[in-house]
Amino acid sequence: MEVEEEVSRWEGYADWRNRAAVKGRHGGMLAASFVLVVEILENLAYLANASNLVLYLREYMHMSPSKSANDVTNFMGTAFLLALLGGFLSDAFFSTFQIFLISASIEFLGLIILTIQARTPSLMPPSCDSPTCEEVSGSKAAMLFVGLYLVALGVGGIKGSLASHGAEQFDESTPKGRKQRSTFFNYFVFCLACGALVAVTFVVWLEDNKGWEWGFGVSTIAIFVSILIFLSGSRFYRNKIPCGSPLTTILKVLLAASVKCCSSGSSSNAVASMSVSPSNHCVSKGKKEVESQGELEKPRQEEALPPRAQLTNSLKVLNGAADEKPVHRLLECTVQQVEDVKIVLKMLPIFACTIMLNCCLAQLSTFSVQQAASMNTKIGSLKIPPASLPIFPVVFIMILAPIYDHLIIPFARKATKTETGVTHLQRIGVGLVLSILAMAVAALVEIKRKGVAKDSGLLDSKETLPVTFLWIALQYLFLGSADLFTLAGLLEYFFTEAPSSMRSLATSLSWASLAMGYYLSSVIVSIVNSITGSSGNTPWLRGKSINRYKLDYFYWLMCVLSAANFLHYLFWAMRYKYRSTGSRS
């Protein structure tokens, strides 16, 4: 009887009370559905402010267009980069369940600070209608940035844990579980879009018509409700027990390999037969932790032996780390640890190739919003706030995600006779191609917008240009589609390909790519202004009015860089070999 009860338990997983997770009671689509609802509210809370933040900084904090754009990209970049911290802590010391609760509480605190500042005139710079206004400074600026970066810290932790927490609910040892997990990632992006839809319509309307205290207030309520909903699903979750620092494993293998290369000893005495998978160590560790709680009275009588790991020929320079006689016992590495580090290193070029796409996405939150603000934003008698422009890609994602999951993927599975239908890397590649097209469209639209401004004699005027903002929607549609293909593909790619002890950290690379894209955008803007502003010339992206910017040149540059990046991606993608079940084409 005890053996049957043991078999029904999820190895390496515990419930929220640190008791053994039980099959049929914990995990599955029901548990993951709580995560999907939470993602709607979490992204609503974040994007409601991020999408419109450039206008808040410019009009209420009186920052220049270029400074406000850079501050927004730095804020969003920091938020996504901190996902690495959330992913690391989820793998090493805490569960994804715990990291979400801690991070959501931090974001909640940051939003409270921003709400208080927005509703208190004495905490903001004086209102001003002239072209030159007093920029926020001193304690007021400190309060602004403390609030913003507390939000960034909270968002980072959530991004680094929530998607992994949902994906952990599925049994990857069965085809059904893997298909459900793939569906989860598609609908995770769908729910992200649902939250964005409310954010860029209702909340942005509140910010523009009722005041920013209303916008921050709604975000505060949304993140608070998300915590309550997440907690309500606690009894259904299976929580992966942390296995120790994945960075320690990576650094140990790299250091051991370096020492071996520098020594005169041969690496031929590495033995595979003595090594076992870190994930199995993790399971053993998890079982000991649960047993210490008195939940597991006896270990399994007949434990299946893990498959023996074998050194592969790829990245052979690391094979020396699996030496049976290391220089120091602290540098002792198993063969499986060496192979796990190889997997992570092989994924890094794919990760790097997605940064440029996210650099293009950064333009949606900065220059594109400012372009739309100069155009006619009326549709009939309805006036659309410029920050609501993302509604176009958001709605497209909400339409395309179910079609992709229920029509395209089943057809692709039948056509290719594979479990995935479309491989993760193929999906990412489609997104990269769409980003190239988006930048070309953006350049053509900007040529038209500036032509209207010149013909109307409004190059230096703040008056609305007689051209509809729907032209800007074209680039949003292309970039929105690119985001759907790339983000969902990246999340699933990193989760399925990464070693089980490093999955949260690996999945957070999807968000770190976004972060580096935003930072790269700031760097490119600075470099472009520095080069084009030399010899007394006017920089491309600086001037009294955005109508004087050479944004069309900038977008063409982004198009060329994106095309070069795609060729770089093809080089690595065509040489990549999948390791996980269900990922092979």
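Placement of Cβ uses the backbone N, Cα and C atoms for every residue, glycine included.
Predicted, not measured: the structure shown is a model, and the values here were computed from it.
In Swiss-Prot this protein carries:
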- 28-48: transmembrane segment (TRANSMEM)
- 75-95: transmembrane segment (TRANSMEM)
- 96-116: transmembrane segment (TRANSMEM)
- 142-162: transmembrane segment (TRANSMEM)
- 184-204: transmembrane segment (TRANSMEM)
- 211-231: transmembrane segment (TRANSMEM)
- 343-363: transmembrane segment (TRANSMEM)
- 391-411: transmembrane segment (TRANSMEM)
- 428-448: transmembrane segment (TRANSMEM)
- 465-485: transmembrane segment (TRANSMEM)
- 508-528: transmembrane segment (TRANSMEM)
- 554-574: transmembrane segment (TRANSMEM)
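Spatially, the transmembrane segment (508-528) is not adjacent to the transmembrane segment (211-231); fewer than three Cβ-Cβ distances between them are under 8 Å for residues at least 6 apart in sequence. Residues 29, 32, 35-37, 39-48, 51-52, 163, 166-167, 169-170, 215, 218-219, 385, 387-391, 394-395, 397-398, 401-402, 404-405, 483-484, 487-488, 491-492, 495 of the same chain lie 6+ residues outside the transmembrane segment (184-204) yet bring a C-beta within less than 8 angstroms of a C-beta in it. Scored by C-beta pairs under 8 angstroms, the transmembrane segment (142-162) has its highest count with 96-116, from the stretches 96-116, 211-231, 391-411, 554-574.
Ranking 96-116, 343-363, 391-411, 465-485, 554-574 by CB pairs under 8 A with the transmembrane segment (211-231) puts 96-116 at the top.
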